[in-house]
Amino acid sequence: MSKIFVNPSAIRAGLADLEMAEETVDLINRNIEDNQAHLQGEPIEVDNLPEDMKRLHLDDEKSSNLGEMVRVGEGKYREDFQMDEGEDPNLLFQSYLDNVGVQIVRQMRSGERFLKIWSQTVEEIVSYVTVNFPNPPRRSSEDKSTQTTGRELKKETTSAFSQRESQPSKARMVAQVAPGPPALEWSATNEEDDLSVEAEIAHQIAESFSKKYKFPSRSSGIFLYNFEQLKMNLDDIVKEAKNVPGVTRLAHDGSKIPLRCVLGWVALANSKKFQLLVEADKLSKIMQDDLNRYTSC
């Protein structure tokens, strides 16, 4: 009976990867805590407010105006990360940041570069805060005894609601496993387009099903791998390939797709043997280079 010997260098490399992953998770958690520092401040006491603030009051009008404004927004498209009326914005923001942290870890496991992931994440968090925490209007320095009437409240609420409706949705970018450049984003508008995209991807993969592609190995060399070694159904490969940034757009335009990048993506997610053989950092660079080369054509 043959025995399987494990190379000690492979074990050490695996342990090093685990330690790096733990350090990365700790760094992400610290960054999230830093971004939440403004939520941990001391509450404002009413007695400590300026005298001008104490003179502010709301006119006791019926809430029918607010109800009308809420009904105006019914039937319109609601942004993915836009909060519902009556929900605690701080709790929703905390939940949103938790999801962002989980998504960052997933993207790093898939080989994405941390700096690229973090720059995109910062933009998404800023957009979320801009939509759901609009800055209050500044008071005039000349009129210190301003009274907030029901008419002013209606104007402010309407402007805030219109601002939310006009903001572009970036939560879809967070929901992707590994988001690509915004210019590469595309989604099928109907079932017919989606089927044509899948057919184009399947056609190109089937033509190169047995072709071997070079990948960097952990032993500082290379190894050959092809779609046949995945032992997967073609439909499953196509479904996974559609998650590669830019592939659906290229297939929709009838252009060539980066097959080596697609193979590396699918194998990294579904083949344990491939995960043990490949050097993740070098693979990430190769896949990114392939994407850039094909999408720039």
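Using the three backbone atoms N, Cα and C, a Cβ is placed for every residue, glycine included.
When you go through Ser64, Ser159, Ser169, Ser217 in Swiss-Prot, the residue listed as phosphoserine is Ser64. Record check of Ser9, Ser119, Ser210 in Swiss-Prot: the feature phosphoserine is attached to Ser210.
Scan Swiss-Prot for phosphoserine across Ser110, Ser162, Ser166 and the hit is Ser162. For the residues Ser63, Ser140, Ser145, the entry in Swiss-Prot flags phosphoserine at a single position: Ser63. From the options 49-58, 69-78, 179-188, the stretch Swiss-Prot describes as motif 'Nuclear export signal' is 49-58. Residue annotated by Swiss-Prot as phosphoserine (from the set Ser127, Ser271): Ser271. Note on Swiss-Prot: of 111-114, 211-214, 279-282, the range annotated with the feature motif 'Nuclear localization signal' is 211-214. Summed and averaged per residue, pLDDT over the region 'DYNLL1 and DYNLL2 binding' (138-172) gives 47. In this structure the C-alpha atoms belonging to Ser271 (phosphoserine) and Ser210 (phosphoserine) are separated by 17 Å. Counting other Cβ atoms within 10 Å of each Cβ, the lowest count among the modified residues Ser210, Ser271 belongs to Ser210.
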